[in-house]
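Taken from TrEMBL as is:
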BINDING   ASP30, ASP32, ASP248  Mg(2+) binding site
ACT_SITE  ASP30  active site, nucleophile
ACT_SITE  ASP32  active site, proton donor
BINDING   LYS223  substrate binding site
Amino acid sequence: MFTRSATVLLEENAGILMNWLNSFDAVLTDCDGVLWVYGDVIDGSVEVMNRFKEMGKKIFFCTNNSAKTRKELLVKAQQMGFNVTENEIISTAHSTATYLKQRDFNKNVYVIGSEGITKELDAFNIKHNTVGPDHMTGNLADYLSTRFKLENNVGAVVVGFDEHFSFPKIAKAASYLNDPDCLFIATNTDERFPMPSMVIPGTGSLVRCIETCAERQALVIGKPNVSICAHLIDDGTIKPERTLMIGDRCNTDILLGYNCGFQTLLVGTGVHTLESVRRWQTSNDDELLKLVPDVYLPKLGDLLQYM
């Protein structure tokens, strides 16, 4: 109805808004910045998502966060009051493990990331290193001669969010990736996490660092890569033209919607603003135009009055 127009839904009359609500049967939504911020639920998001389900719409939580398993995300969502099941949660950690399992992967994985990834690998009996700090003490020459050690039979490097990212991890990952047969997988490429008084590097910052050193590009599992939800399209669970993608980040959530042929809704409770979108609309750059959502709301909870 509103293809890449960034229409502000609250400025439309109730009849048009109801027609829009009836134009989709399935909803994929990002989590951080749309439904909650860290441990705090965003006002109205629980009620809207639960109401979607009551209306008979299929719902899926689709997150690039690789720090938690699907089960852990399920517990968090249910404790907040969301009516969701484990099969309705799509996470990059689980999708990465599934990708390796589908390839009959039987080697070891070097993981730069958190236990969210390693626990999902464990579920498929895929061997991996222990995640956590890997510091370099002393100077580089001493470290390389006495403490630098590569494991045998590593067939994949997986990079997710890692608060213990370090020089030794870069060196090990690049050394494994020197073998062209070693798989290079990134859970996502979110550049950063803006906070009120600081910027926190996201997984994408770590991935780019290793790509530079390894002189290779990673296969990206998460949004905006179609592969994260391709199974829902392939098995007929959702029809792209009847599916709504909700997000707060245009270069992941909204671009995923564009790539899949979904309808798209940007909410203003996270990363990207309507002001940024308006600038992109005047651009002649096709890549920027792909980031423009169909519709916009200040927050997801604003929909509740029309449902």
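Any Cβ shown, glycine's included, is placed from N, Cα and C.
Here the features listed in TrEMBL are placed on the structure.
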residue	record	CB count, 10 Å
ASP30	Mg(2+) binding site	25
ASP32	Mg(2+) binding site	19
LYS223	substrate binding site	31
ASP248	Mg(2+) binding site	26
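Close to the recorded Mg(2+) site, the chain also has CYS31, GLY33, VAL34, LEU35, THR63, GLY247, ARG249, ASP253, THR269, GLY270, VAL271: residues not among ASP30, ASP32, ASP248 whose Cβ is within 8 Å of the site's Cβ mean position.
Note on proximity: of the binding-site residues ASP30, ASP32, ASP248, the one nearest LYS223 (substrate binding site) is ASP30, by Cα distance.
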